[in-house]
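The signal peptide annotation in TrEMBL covers 1-26. According to TrEMBL, the Mg(2+) binding site annotation covers D50, H151, T153, E274. For D50, D279, H283, D321, H322, H418, the entry in TrEMBL reads Zn(2+) binding site. The active site, phosphoserine intermediate feature in TrEMBL is assigned to S99. If you look up TrEMBL, you'll see 455-514, 515-578 marked as domain 'SLH'.
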Amino acid sequence: MMNWKKTLLSASLVSSLVVSSFGVIAGGSSISEAAPKKEKVKNIIFMVGDGMGVPYMTALRYWHDDPNTSEYEKTAFDPYLVGLQTTYPEDEEQNITDSASAATAMSGGVKTYNGAIALDNDKTTEVKTVLEQAKENRMSTGLVATSQINHATPAAYAAHDESRKNYDQIADDYYDDLIDGQHKIDVILGGGTSYFVREDRNIAELFEADGYSYVTSRDELLKDDNDQVLGLFAPKGMDKMIDRTEDTPSLRDMTKAAIDRLSEDKDGFFLMVEGSQIDWAGHDNDIVAAMSEMIDFEEAFKEVIDFAKKDGETLVVVTADHSTGGFSIGADGVYNFFIDPIKAVKRTPDFMADEIVNGADVEQTLNEYIDLELTEEELQSVKDASEVDEEERDSAIDNAIEDIFNKRSLSGWTTGGHTGEEVPVYAFGPEKDRFAGLIDNTDNAKKIFELLQRDKMKYSDITESDDGYGAINDLVNKGILPIDSENTFKPEQKISRGEVALLLQRALHLETSENKSDFKDVDTLSPYAEAIIAVTEAGIFQGYGNGKFGVNEKLTNEQLVVIIAKAFQTDISNDELNAKLNLKVSRAEFAVALSSVLNN
């Protein structure tokens, strides 16, 4: 029995589809070539743990360890490890990357100087990004981060600027830069109110005027159901996980909100999610904040994996742009690393330092947020820091508290900057093996571009600007039309009944039959033989009264109306048709008609 791909389509729509002039169809000398078989990647989620070098993942494993078991418990990431990536930039003065250069490499596949936002080394040439390619492919797109959303990593996916520090201009790019008349990013979630709601320009209002929701709290985000949303939850970077109030969404909350919206797009989506402040904690040599942000990132990853496993057509790639801080598991020649002191802290050192600077008592504050007994020496170190000059007080208190937990946990640090070692790569879903082994950061973009562009047909007599290209590409992506780079398009060539039978068999997933054709003109070796049997048994096609199918005869508009009506269970009356019924249907017209009904 036939499994109908679609159900009722209005008769007037069918009629209008077949009697109008359409664009272009793929096809060389024959449509009968086998459609390519490939793993289907409909959606791509790329996750960046900013600054997340290997030691951070090791520390997370210690965090999850059950002392009652013989082995260390795995992180949520561990089952999906596929390799490592190199991170170096192409900078005249530095050979260790910053986040902007690394993000440009991962988003655009091009090495560039530190500080560049999707620009090449000449500071002029824009580097096309995978997010932009996805939008050109009519996919939905999203950016999620715990930094300000116009910070280096997310910026390098959707903006182009010579300096990562040009936050206002990057925010402007998010609104001003369009692709096919549409905004590049459908879902924008993170911090950054200060850059989007400015005295000189209110970008949030502009997005709202264009149909986006604008939300500023967790509750507003969870209640909103608009497809396009701008969510800004802090003036700049968001609070770290353990410092957040109930008003602030977690990275997992934002990631789920993005997926819920983007996954509604039948053309698929591209989403970049960044755990931004692993890096910030590393710069600060703050093991408490680092573990807070690793857990936040892991929770978001769990959300992504849950979706990808259910969906089956989502590629997930997780990596870091670099490592930060020279973090080591163990320090001072002691062969131990202790996680319990870190677990005893309810707020980050930054948070406690701010409270003390604003007048809170040192000892009272530490007792409130730390569930372990500090030594007199440790207490005194924070009290001493609270007495330094006002300009340095906040930093001094912060450093003193951080030092307590670095020493208690035996966390080592070598720098307040980035380090140049390789970072881990994790992948799940179709095409995950592309990312296995030792790769370079530019390979991420190159491999994603391959996936996004492999269905983009490159024939000599048609371009993307031609009418009907989108419909043709749609049928290629669905595996209905073949891809062959040696062919040319023949948009005006009339389509044969045999070719139509084959395309309908693919479109409707009709099973082949063991029966033989009774038609005199259908040879068993014909590339259309099985398809003709399938469509006639399904009642879509009939032969002529002379015992022939008319395999090479050209399809007329009248025949197209009838087979579309039967294939999609649609009633249509002859009085809706016009004088063009006897005209032959071009391959272009059939492609657009078929794509339209499949997507109705």
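Here the Cβ of each residue, glycine as well, is placed from N, Cα and C on the backbone.
Each residue of the domain 'SLH' (515-578) gets a DSSP state, and the totals for helix, strand and coil are 23 helix, 2 strand, 39 coil.
Non-local contacts of H418 (Zn(2+) binding site) by the CB criterion (under 8 A, 6+ apart in sequence, same chain) comprise G51, I96, T97, D98, H322, S323, T324.
Here the binding-site residues are H151, H283, H322, and the one whose Cβ sees the fewest other Cβ atoms within 10 Å is H283. Looking only at Cα atoms, D279 (Zn(2+) binding site) sits nearest to D50 among the binding-site residues D50, H151, T153.
A distance of 6 Å separates the Cα atom of S99 (active site, phosphoserine intermediate) from that of D321 (Zn(2+) binding site). The CA atom of E274 (Mg(2+) binding site) is located 10 Å away from the CA atom of D321 (Zn(2+) binding site). Cβ contacts within 10 Å of D279 (Zn(2+) binding site), excluding its own Cβ and spanning all protein chains shown: 30. When the binding-site residues D50, H151, T153 are ranked by how far their Cα is from the Cα of D321 (Zn(2+) binding site), D50 comes first.
Comparing CA positions across the binding-site residues D50, H151, T153, the one lying closest to H283 (Zn(2+) binding site) turns out to be D50.
Every protein chain shown contributes to the tally, and the Cβ of D321 (Zn(2+) binding site) ends up with 29 other Cβ atoms within 10 Å.
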